[in-house]
Amino acid sequence: MSRTPIMAGNWKMNLDHVAATSLVQDLGEALKAAGYDSAKSEAVVIPPFTDIRTVATLIDADKLPIAYGAQDISAHDDGAYTGEVSGTMLSKLGCSYVVVGHSERREYHNESDELVNAKAKKAIENGMTPIICCGEALEVRKAGKHVEHTVGQIKADLDGIPAEQVAKLVIAYEPIWAIGTGETATADDAQEVCQAIREAVKELYDAPTAEAVRIQYGGSVKPANVAEIMAKPDVDGALVGGASLKAGDFSKIVTFYEA
Ligand SMILES: O=C(CO)COP(=O)(O)O
């Protein structure tokens, strides 16, 4: 079973819709120049909500080989939830992916595994693929509990999601201490946890589901370290923050197989 690597750029709270236009145009050109092959990796951008319509229009008009998604989704369908954005709104904009449970939301917005699970289900219900984030803080790693912690999160985040849906979704392992710090986990660190997650999916479901689910690594991924990380058997992609804000760098990450 071969899994197409998924290289997703999480822009976080950066770039307004005008800046988004330039970045997506530049990215389209950079990918073309780099000989991007969508059979070898999937390019995805995850802009702020306010940019999605603009990004969608541009990708559509220029037929760019780039998928897009959102950084969050409401666990509710509609109604009196000020500030929330629903799954229907996102799917109507053509979003293919929705990031759920990013460590920044878990930390600054107190998101629990129960909420992350509800959001993942909402994305699926609306025909989008959740990218479920997990990963440990520095103290947890220092205590040697990173595998246990991360696998525990994933088990809770997948609760009640059937095998055929799990096979299609994406899990992103992002050790918190490696996010935005320039401190990358080694390729072996990434492999250790990604393998443990796949093993957990196999135990919870079955071997075909575990073989199919795509597991990304995230945390200070750069053009210089992406190839080594991607060479690991259980790493199927990258969730990229800072380096996804530069078209040239993100294009190199997406086309890591050229290195
Ligand atoms: O959190 C991340 C992506 O979701 C990783 O961010 P950086 O690539 O900036 O470390």
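The backbone N, Cα and C atoms fix where each Cβ goes, glycine too.
Bear in mind that TrEMBL entries carry predicted annotations, made automatically and left uncurated.
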Listed co-binder of substrate (same site as N10, W11, K12, S220, G241, G242, source TrEMBL) among G28, G35, G180 = G180
Note = Counting other C-beta atoms within 10 angstroms, the emptiest spot among the binding-site residues N10, S220 is S220
Ask   = For the recorded positions K12, H102, which one has its C-beta crowded by the most other C-beta atoms within 10 angstroms?
value = H102
